[in-house]
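In what follows, a single structure is set out as structure tokens and then discussed.
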Amino acid sequence: MAFIWRRRSTTIVKLVAFALAIWFCIAFLVYTDDTRRRAAQEGAGASGAGSAPGVGGGAGGLGDPIALALRNEPAGEDFGINGNVIGGGGQKQAHDEADIPPTVGKHKADLQAERMRKKAAEQPKKKPQEDSKKVIDPPANFEENPGELGKPVRLPKEMSDEMKKAVDDGWTKNAFNQYVSDLISVHRTLPDPRDAWCKDEARYLTNLPKTDVIICFHNEAWTVLLRTVHSVLDRSPEHLIGKIILVDDYSDMPHLKRQLEDYFAAYPKVQIIRGQKREGLIRARILGANHAKSPVLTYLDSHCECTEGWLEPLLDRIARNSTTVVCPVIDVISDETLEYHYRDSGGVNVGGFDWNLQFSWHPVPERERKRHNSTAEPVYSPTMAGGLFSIDREFFDRLGTYDSGFDIWGGENLELSFKTWMCGGTLEIVPCSHVGHIFRKRSPYKWRSGVNVLKKNSVRLAEVWMDEYSQYYYHRIGNDKGDWGDVSDRRKLRNDLKCKSFKWYLDNIYPELFIPGDSVAHGEIRNLGYGGRTCLDAPAGKKHQKKAVGTYPCHRQGGNQYWMLSKAGEIRRDDSCLDYAGKDVTLFGCHGGKGNQFWTYRENTKQLHHGTSGKCLAISESKDKLLMEECSASLSRQQWTLENYDSSKL
């Protein structure tokens, strides 16, 4: 029995020991699992604080937070489009990490990291990290750093509904592809478009003046505005920049309020000026100039990118002659892909205008080319585009800055161009300076003014600066000048400065411009068939060239029905000529070689005879199409009257 008891005791001890071992294992596993679950719950609570309801860490980060980003709206009162981590991350204050891109699908679950972030926020402000790249990370299959070296960013054709909405919202609000912009670094690299001639530092003076850079904006997209400013800071010698003055023309988007101030608080050269009401570009620029202190003012639009070496060539010209106004070559940044397009100095154009007082680009005239040994040398330009230029501050003041009676924008570039040349200055385009600009096909901004702003500004311009040549603009608007306000102070300015005449300007600065007064006829071209109420009608401009010219009921208001018959037999709409090559009658750039653009008006039969084809211009029975027919003097559909026809000018 003792033996049996001893065996049972040993077995019991073993069973108890085994049971204790199992209990300890179970207790350890339960404790570990509970710890993990509690940590995960705490982490989820921390990370969920910055997430939009119902948004998880979706692939590509294309949920609501991106839609917020593309709408330029913050997730909270003081948090802008950089205030959320896309895909469900913790909030970060915009002024701490405003240019650090949200990371798709990465959760900040560590509470210690959150405490460290809050502690860091209490420390003195530091400059935002310079390796920041973009606001949103690219979708799958995108290169890591899209848009570098100015390369295009092309979105996939197949997009999720969320992504498509975000893209569409960006286009609607900005008239360019904001979604693509938000994929690209605000410090992206660009190609160097300069000729070798430009890179010789010995060409530029060493004691160049400082400039204040004035950038006016209204509801500009976050990344585009930041990229503009950083391109100035990153590619300009620090000692040549006085201040970068950001003039807010009464923006109402939240990301342009405290978020913008917090971001640029780390950059002492950047100053933000707020307009107290919507002023428009012209008066916003005047406001910026009033806050400038440096000897040179440089104006840039808020959707630009400066390239390497852009500034020194501009300042050099002003340092040599303070009455020289200089413009960089304006390269095109695609509104869709943000690709940076540029051309070498041989392809540089100069500014002009037409008698609608609209700015236009033209090749450098042969007379100007002969003045230079290199195509990279600065060239005279009759006018400037107006958005990007540098000017001596005292000379700008002497010229009366901008006409404060101009509203919003339009015409200010021609006014400054005319008075620069007529009042003792020169206007140049500098091929060694390149700045990219996003050209939009429409304006995303709305004004409540019932006034035709462009016409009002243009009439003020014509009344002050164009002398007797103003009549050619008035013909284009049917002599309906409207209310242009009081220009007596601007006329006094011109008299006080003893400026030259507009005829001097045309003869010496822009002799290439066709003068309507030299034409044989100018005004409407009316067909006498089918009631005699149909006129030749076509919009001008390069984008309308090579399209069939149409007809429209005569309205006697100029515009698309204002034509000129030159002594050379051209039927002109400014720089476009009526052209017939055997198919449709179209507008084509005037080439001066007669041929397809040579027309003769037969006054006795009232026919327009085409030189190379031998046919006559007619209209269809439906009165909506031009025809070319075998000439027959008896057909009224081939008969035309030309307004202000004067055969003595032939």
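In case you wondered, yes, glycine gets a Cβ from its N, Cα and C as well.
On a predicted model such as this, the values are computed, not experimentally measured, just so you know.
A disulfide bond in Swiss-Prot ties C631 to one cysteine from C590, C616, and that cysteine is C616. Out of C423, C432, C577, the record in Swiss-Prot bonds C499 through a disulfide to C423.
In Swiss-Prot, the Mn(2+) site is described by D301, H303, and among H187, H434, H437, H475 the residue recorded at this site is H437. Secondary structure from DSSP puts C499 (disulfide bond) in coil. Shown are the binding-site residues R278, H303, R440; of these, the residue with the fewest other Cβ atoms within 10 Å is R440.
Closest to D249 (substrate binding site) in space, going by CA atoms and restricting to the disulfide-bonded residues C198, C432, C535, C554, C616, is C432.
Those residues of the chain, other than D301, H303, H437, with a C-beta within 8 angstroms of the mean position of the Mn(2+) site C-beta atoms are T228, L300, S302, C304, I333, G387, L388, G436, I438, F439. Ranked by CA distance from D301 (Mn(2+) binding site), the recorded positions C198, C216, C499, C554, C590 have C216 at the top as the closest. Annotation note: C535 (disulfide bond) sits in a strand segment as assigned by DSSP.
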